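Single-structure report; data block below.
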Amino acid sequence: MGKEDKQHINIVVIGHVDSGKSTTTGHLIYKCGGIDQRTIEKFEKEAAELGKGSFKYAWVLDKLKSERERGITIDIALWKFQTSKYEVTVIDAPGHRDFIKNMITGTSQADCAILIIASGTGEFEAGISKDGQTREHALLAFTLGVRQLIVALNKMDTCKWSQDRYNEIVKETSNFIKKVGYNPKSVPFVPISGFNGDNMIEASTNCPWYKGWEKETKAGKSTGKTLLEAIDAIEPPVRPTDKPLRLPLQDVYKISGIGTVPVGRVETGVIKPGMVVTFAPANVTTEVKSVEMHHQQLQAGNPGDNVGFNVKNVSVKEVRRGNVAGDSKNDPPAGCDSFNAQVIVLNHPGQVGNGYAPVLDCHTAHIACKFAELLEKIDRRTGKSVEDKPKFIKSGDAAIVKMIPSKPMCVESFTDFPPLGRFAVRDMRQTVAVGVIKSVEKNTGGSGKVTKAAQKAGKK
């Protein structure tokens, strides 16, 4: 298989602040990745000048991160690495300010999460304690539908590669991920040193007692020794090409000589030239004249593609960021009057009751929504109701809530269209809650604008 033919997968790296996420991720990208020798030499030189003589992989990631935060678009190849089967993109590593928001509205759904645990004495305990970030990140990944997990026990060199310590941590972590919702049998546990490279890409000689990881899923059993092999054993995701088209708009451009060009990422389905699309909640229907990606004309835009498409007889004022395009003949998108969602409160200083109206980030939409009614409080692991019509919910609680958007908005249920069915609740400049949409009350507000181009195309 040539480099071109590898299937793409996305991973997200989670874990406590000092677990060594950057070092581990940096190491993989450095050894198997898209960073060319020149960039590495440049980084090494800078590191030496700054007295970071022990140039290690975290530096790679810190460089990339600071550039990303300063808004310098880094060649996204820098966040990629190869396994024998996959081309892997690291879609985010926490520590980034908007990590939680990115993970939810994020440009893409992670296919697998790698949970990095620090094995040092005291470190592990801190990371996994009640209020630890580890718990929040793992819960978030599970809630948002990331069903595959790999656990890397990092910094094994700090506990002298002790087998007892390894067993103790595997046992504790298994209990911990079970509480979140994962089945430990389907999770590979890999002891590593992201700093020294043990069991990252090649099997380590420091732990003769370690016989390798194994995992068992519906698809069968797989085994291996290294973290790279565990990533290679991720089950290939099925991309939703057969679902109806949903394409949330990131921007709409007016390009002279061409016209109106909406831009966004195809989440489900396929967009093709000649298709008649409906934009919701704008309720405008028109024909797609052409589709392009990276300045090349496409015959079809598939899930995951960031495309621009040219539409006729529609002005820039009529469609905007946050609108969703879909095929007018196949379950077209519509605006909603209200929706019910399972909301998990992460960190709100007070109590949340009926009438609370924060801003929701759902796909590319950014709209204030009112918590119209707290319907029931639920056990967030089982989803079973524990209290009907609670007065308030607080941090740590999960509830089914009826939400009413303050202005027209297009969302979908999580089971039908995952990327349009999860949202972040933002207030006080942070993510205070996350939600997964259970059902949507769509508005059937009459027919909107149908352009001449659409009518013509419809007659063909």
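Cβ coordinates come from backbone N, Cα and C, glycine included.
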Swiss-Prot annotation of region 'G2' - which of the ranges 71-75, 96-100, 271-275 it falls on: 71-75
Annotated stretch (region 'G1', per Swiss-Prot) among the listed ranges 15-22, 63-70: 15-22
Residues that sit under 8 angstroms from K391 (N6-methyllysine) by C-beta distance, when 6+ apart in the chain: G353, L374
Cβ atoms near K317 (N6-methyllysine) (within 10 Å, other residues, all chains): 10
Mapped DSSP class for K80 (N6,N6,N6-trimethyllysine), helix or strand or coil: strand
Which of K21, K31, K80, the listed recorded positions, has fewest other Cβ atoms within 10 Å: K31
Spatial neighbours of M156 (GTP binding site) that are distant in sequence (at least 6 apart) but have CB under 8 A: S119, Y166, P191, I192, S193, D198, N206, C207
Secondary structure tally of the region 'G1' (15-22) (DSSP, helix then strand then coil): 2 helix, 1 strand, 5 coil
Binding-site residues compared (G15, D18) - the one with the fewest other Cβ atoms within 10 Å: D18
Residues in the region 'G4' (154-157) grouped by DSSP into helix, strand and remaining coil: 2 helix, 1 strand, 1 coil
